Structures are given as structure tokens and as C-alpha cells.
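One structure is given below, encoded as C-alpha cells.
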């Protein structure tokens, strides 16, 4: 075997155990053995004595093609159905019951917790689950448990022993402390060969006593004949079988379909089916849309030309301001409209996904899921602003998603390091023991319990099982108790901490009395926050102290739910538990709580820094090749959403997709959507149009990422555009042309990167560096079609994931420390990009700039749903943050003007618009005052309302209306939603966008950071009204410009109307022209006015104060500009020389 390794084994460049398959002296085979902790230890040729006897550890060795990226099932010994070793289960239990902490200049510690929350924990996967006590003297540990939560007895005498005592006994005497007999390790180890099916292990090199049957399989040269071994022993090697095993005599016998028959199954020439389809827009809609777009463009061009050539000689100042604003508006409209030339729709076929990845086949006889793993990230920062119950419901919707349980991992990042969040997540993990199987049993939608129990309508609709009503009633009662526990956690933690702190004070007083200290001196005991097991919380305390405050605490990592077993675990009948789950898989996905280390003097980069810490920790612990990130208030509304996203990633050409963006949908919005919170024009119009180019922008949540793209690598193939006519040139980015079916080295990904430079880019974690090629390989689509390049073989991901061990978790703690990113490229090229409050847009732009593509996935049932602020002030502050980030992008190297040649022209235009749109506020503000200035002065933007001007104006207006109607047709946006979007565009453009420009300019020019905060608040009156927040008036400086515009235009209309009525020569055309545009401005500001009035038309006093102040200022300004004449009358503004005066009655 050693002298004639297989081609696949030789070409394999590395994996978990062997990172460098190619050496300077030539290509070699890496031998490995699996340790009790689940890791693979590489063995060189010198490590194995080829001529002498081998130790028992190496007797049955295998050439380990790494378990990921391209390991294939060798025989039944790797099947998860085999009994796992006691030592392995001990390590798993230790990991799941330990709270790991560590950080800069500190030792990583594992604090073993027998109690995570005050309530009882029953699920065996969860930390702190109940179990028997250890029988060893003076030991309070818990006995090791199986997947079902039953005690594991390593000895036949049933002596109860915990993990630590068992390991000590193994190390010291190797005998059971109960019966004093040696432990029979062979009965539990998972590396014992299974010979019952006729399969034989590969021979050990230099074995002195080979098996008789193996000796018959030697070729004439004396070397081992692999082909003969494969056929005569009915064994397997690599992926695919040389001989298809008969029913009852092959591996995975119990899982074979009855219809498979004996021997090789009959292969029908099934046509290759794509997972997704691109659906073009109907020509009857898109063709007129494009035609009208160009008609309006040419009309604007000729109109602006006419305006420039025909100035208003009576008011050059008014004409000049208007023409500058109109030119900018035309430019801004062009930036917004051009990317909408190629909108498309897409559809997925979930049945094909199941057929390819979860159906028995020659490469996957068991039908075990061949889908890649997914890590789901949820981020939260402050439990006071982001209620733990909302976050817990989001976590529950993730744990219940329809995806292979062993391929899913959920990570919660608590950037505040709060014990409240930690215990709330532990409560959610405990309640998932009931909620998740209930969802699977009855196909519940949505799988957020709060949303599900609040859905109006008949809950029994489409429910077939007779016990649904009874189960639902029980789960509803459990959920009500769960909410009570969550809402009571702040008080519970406070009372617990006060009790423990009082105890510590008493201990300190007693110690002071015993040592003779001054009894009048107060004991100096820090007011700590205590966990349920009676120890200090390592994160943020309620009363901040050094190393225990929001910006100063250790890194924390807790495996709330340990990784599940690879095979289904069915529940018990109703007699033994609350609900009958006997035919339901009760396994739960892995769940991890993480709070990265924070220390003073370090820039932690807010949400982007937290996401990058999650990327590193998850790469070491689960290394899912795909990452789904969600905000804590965005839950999974469609349990099949992840599968729909995976259809795009795993389809032909999917290896070029960096992320799948889902539209954001919101709940709790007022029926009229006063402030355009649904933002459907953007999500259903602009984003759908970008999908026809290089892909939608990343909007911060509801996005499925390719981990390899987040690492800053180029796509396997990219298209470059050059020249005036954007000539295409395709490039294959991977250097090795034979790398289509194997994992790659770092230098294959990036010509500028080699092994020596990995620490400079990714940090000094070797485990993180080793995970990169594995994630890249696992994320490839199936190589089941000649057009699929850089694919992976079918069945490559059916091997169970290796279990966690303490050293792995300790490594994950080290990569979330505050110093890890120093002198690396995290935040610059790798992961989420730093330097902007809108890190999401910048991160997506960087990927597109490297040649990646993205896809917009609109599902029939909304994929995710979340909450949005319906209060006017909160909404304006949200838009202010977005606009400030856009201004930062414009003044940074992320400006699309500086994009590479891999960015499409229209995609470049779209990103230009992202950075430029806030500057429209300057021109919009001026233009909103022009009608009032026209009415006050008696002048208009044109000298006369002639036919040419009116024809141009009519054509522009009609084309705009027709474009809006057609856009509504192809995007599915309602006309009312389109109008709400137009209204809020003007409201935000004259307030938040304007402030963002000022703030961005001050930051760029003077380096001044400005934050706009609320100055006064008023509370709602009706707490029962779900829309009560809509009527709350919170005064903010952002409201000043819109209020000023409203007041000035209202006063101007009244002033001009009175002047025209009492004028001897009324100028009705100028009144109508100015009045029309004033009403246009006021109509757009109507939702803003309603927001100021609050409930039942109450207008804040500040509005009257501002109105009076504006009126007085305008009156004084008018008198200064056009003072009254000696005659005592006010000179009319109609242009009369000495006449035109009038007296108010």
C-alpha cells in the first residue's frame, strides 16, 4: 500500500491532519491516525517502523484522505452508528458543561458548570443537563451521558463515574474503582474493525501475520492487489464502490431502500436538472419601460438645454438656483434609473436539491445528507435596547429550521457581555427541547413561537395529526412559562447577586474581626454579578468594575448545545414525556454563546468586529462553508429559506457567488406605512434590478455568505471589463489547472499568498489556516455536469463531523481575544470591512470589486421577518446612520470611481449612487424653498409660462407616471407604496440626508465626530395599542429643516394669495406656478406633519414656537429687502413701478 498509493491520495494537498501533501522533494502520502479526541495526527514515514511490530494504535491503519474536504467512507468502522468511545463522550460532555474564558495576557480557563440556569435542564445536548452524581468519594461531578441523556457506565459493574475521575482511573491504574477489574476499552472504542460484512481492513505495512484471506490477494510481484481486494472482499475505497454490495452484506445495510435490489442498481439516464432558473421579465412590460426611460432621458436633455438658453431676466438668481438643482436632479435620476435596465426574477427547485443531496445513490448509499454545513450568526449588544425575549425567539426559529441538524450551527454574539443575555440564551436552548420537535412533528410555520401563537386565524388548518390541538395547548403553556422566566431574569439575577454579595460582605467582616482590623471600616468587596452555579460572571457586571465592564471583560465562549450525533435520535412516547415524539427526531443543532474579549485602548470596531470574531471562532469549531447572518430581531419566517439559498450556491456556476441576499420584510408596521418602513421600492425594485447585473448590495442582515469569499479571496473565475465598449475578458483565477476535484493550497487561491504569509493575513492560529481549504472545498457545487467547474465529488460530505474537544474550544477562545487582529488584514481585506458605519455595503462592494457575483432570492413565503422603527424620530435617526455611511464611502477608497475592471459598468453606477445620493439633499433643500421665494418675490423660475415650457413639463411628468406604473408591474410594488416612498424621500432628504452630509464633511475635513441625540421625549398614552409608538413625538434637531420648509411655504402661499387678490394688476400665472410647486412640497411633507401632531391631532408646542419665529424672521427680511414707500402702502410684488400698492382691510 505504501509503495503504490492511489492517485487521489497522492494529489490530496492537505486537510485536518495533513496540511502539506506536496513537499519540495516531490509528492508524498501522509499517514494519519485518529486520536480519542477526534483529531487526526499526521504520521511521517519515519514515525512508522516498517520492519518491526507495530503498536496496537497502528495495527489497523488507514491512509487517511482527510475527513474534509475530500474524505470518503472507507468502511463501517467510520459509520456514526458504531458505539463511540467513552473517552470521546467524556470530552464532549466536558466541553458542553464548561464555560471557557480567556484573552490578552491571560490563561484560557474552562469553568465546569453543573448549573447554567436556575430552571431544570433536561435535554442531553444542553450544558448543565441533569445527570447522576459521581460515586467517587469527595467528587461532586456528573456521570457521563449518551445522546439520549442516559448514564454511560464504562464498566460492566455499572459503577457511576464522571469524566475526570474516569480519565484519572484510566491514567493511573486502568481499572474500574468499583469492581477493580480492568476497563474493557475495546468494547467502546470506535476504531475496532467490523468484519461481519465481509469487508477487510487494509493491511498494516510490514505486518508479520497477515490475514489468510489477504494473502490470497497478492499480485505476482508480491504487492497487494487493490483491485482484487475491492472485488473479492466487496470492500470500498475512496468514494464509489468497485462492487455494489447486496442487500444485507454491504455498508449502511439498514438504510438501503428496498427498491435497490441486488448488485448495482439499474441506472436510468436521467437528464441533468438545474437547481435554479432565471426568469426574464415579460417583454410587454420591460420593453416599454426601457423605451420610456430613454424618452424621458432625451426629454430631460432638451428641456435642460432650453432652460439654459432661456434665462429669466427678471430674476437671474431664482433662475440660476433652479437650473442648478434641476441639472443635479436629472443626474441623480439617471444614476438611480440606469441600473434598472435589466431586472430579472429567479426560481428554485427544492425537489431537485433533495434528489441530488439527500437521496440514496451509488456515491451516497445511505441517502445521508450531502449538503454542506451552515453557521448562523446572530449579533446583539445591549439587552436593554434589544430585549432578550426577541433574541431568544430568533434563536428558536433558527434551531427549528428545516436543514440537516448535524450540518447546522447557531452562534450568538453578545457584544455587551451581559449575564442577562447568557441566561436568556440558555433558557431558549432549554425550551428548544420542546419547541423544535413540535415544529418538526406538525410542520409549524412560522417557527418563531411568539409570531406563531399570535397569528390570527384557524391554527388547525392543514394539520393532519389528531393530537395537534393537545400538543399545541401543552407547548403554548410551556411557552407562556418560558416568557415569564425570560422576563423575570433581570430581577432574578439582581436578587441572586445581592444575596451572594451580602454573603461575601459577611465573610469579609468576619475576616476583619478575626484579624483585628478597624470594625468601623467598611469592607471593600466588589459588587459582582453571580451566575446560577454561585460563581462570578466573567463578563460585564451590573456595577462596573475593572475587567468586568462593557468595554473591559474577558472573552467568553459557552457551548450551549453540543454537536448532535450524525444519526436521527427519536423521542419517547407520551407516557415517558410531555408530548409523544416517538417518531420525531429530537436532536438539536449546535448552539454557541460567544462574547469577544474587550479591553481599554483597543478599537473593537462595533458590529463588524463582532462578526469577524464569529467568523474566526466558527471556523475552528464547526467551519461551515456558508454563513447566514441575522440581526437579533430578524427571525426565520420560512423554514425552507436556507435550502432555497443553497440552491443558488450549489447550482452550476454557484462557485462564483459570494452571497445570497434575501429581502427584508417587517412586522408591526402601521397599515398605512406612514414612513415607508417596508421600503418595498428598494427591496422589490432596485434590488431585483441589480440581480440582473452583478448582484444586489449587501444590506446587513438576511444574507447567506460563502465563507471563502469573506476571507478576501478572488472567485475561481472572473470577468474583466476594459475599454470604452467594456470588452469582456474571462480569467481563471486558480493557478492549478488540475484543481477541479481536489482541495487547494493557499498559493492556489491567491498568487500573492503562500504559507508563510498566512499569519500576516489571518492571524497566528494554525487551526484557522487549516480550515480555509476545507471550507473552500466543501462549498463547491457537485461535479455532476460537464459544465460544472471546480466541483466536488458526490458523497464527499456524508462523513460525520468530528466532535468538539477542549483544545478546539480553547483555540476558539484565543481567536476572539482583543489582540488577535493586530497586524493582520482582518477588517481591511478579510471579513467584514472596518471604517464605516455601513460596514455591510462596503463588505459587499469589496466582494463585487474582486469579481464575485451575488444573487437576490425572493421566496414565495417571506424568508425572514423583523421589526423596524415606526416612530418618526427613530426612523429619521436610522436613515441618518445609513446616509452617514454613504458619505463616508464617497470620501473613502471604497468609492466606485476607484473600482477595479471586474466591476460591471451598470453595477459601478449603482455603487456610485450609493455614495452620492445623500448630496442630493443640498439641492433638494434649496428647491423646496424656491416656490416660497417665488411667491414672496412675485417672480418665477421662467419668465413666462409659455407653451414650450408647459409641453416639456407635461412630457416629463407623464413619462414619470408611466415609468412608475410599469415599475409597479415588474416589481410588484403597490402604487400607494411607491407614493409613500416618494414622500419619505423628500422628508429624509431635507433632514437626515442633509445632516449626514454635514457630519461627513466635518469628519473628513476637520476630523470632528458629531452625534445627533434626542433632546426631549413624550410617552404614548395607550400601552395596549401595538402602534402606540407611531404617535410618540420625540423632538430632534433633525426636524428643524422640514418644519421650516412647511412653515415658509404655507406663509408664502397665504402672502402671495393676499397680494394677488388686492393687487390692481393680478399676476395669476405666477401665483399658480409658485402655488403648484408649494403644494407639491407640502403634499410630500404631509406624513411628517401627521407625525408632529401625534395622536388626535395634538401639535407640540415647539411647532408653534418655530412657526412664530419663522414668520417674524421672514417679515423682517422682506421689509429689509423691499421697504414700504412714503405713501404708506406696501409695494406690490407684481412688477408695477410706482403703482400696485394695496391696503389690508
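One is the number of the first residue shown, and numbering goes on along the chain from there.
Cβ from N, Cα, C; glycine included.
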Listed range which TrEMBL flags as transmembrane segment, given the options 256-275, 316-335, 336-355: 316-335
TrEMBL annotation of transmembrane segment - which of the ranges 1017-1037, 1101-1121 it falls on: 1101-1121
Per TrEMBL, the range holding transmembrane segment, considering 173-194, 195-216, 217-238, 283-304: 283-304
Sequence-distant neighbours of residue 840 (active site) in its chain (C-beta under 8 A, six or more apart): 698, 699, 700, 832
Contact call for the transmembrane segment (910-933) and the transmembrane segment (316-335): at least 3 Cβ pairs under 8 Å, seq gap 6+: yes
Pairwise CA distance, residue 607 (Mn(2+) binding site) versus residue 379 (UDP-alpha-D-glucose binding site), rounded so that it is a whole Å: 8
Interface-richest range of 316-335, 945-966, 1043-1062, 1068-1089 toward the transmembrane segment (283-304), CB pairs under 8 Å: 945-966
Inter-residue C-alpha distance, residue 415 (UDP-alpha-D-glucose binding site) and residue 631 (Mn(2+) binding site) (nearest angstrom): 13
Shell of the UDP-alpha-D-glucose site beyond 379, 385, 386, 415, 606, same chain only (C-beta within 8 angstroms of their C-beta centre): 380, 381, 382, 416, 607, 610, 632
Distance [Cα-Cα, Å, rounded] between residue 379 (UDP-alpha-D-glucose binding site) and residue 631 (Mn(2+) binding site): 6
Alpha-carbon distance [residue 631 (Mn(2+) binding site); residue 386 (UDP-alpha-D-glucose binding site)] in Å: 10
Two-stretch contact, the transmembrane segment (1043-1062) and the transmembrane segment (1068-1089), at least three Cβ pairs under 8 Å: yes
Binding-site residues listed as 385, 606, 607, least Cβ neighbours within 10 Å: 385
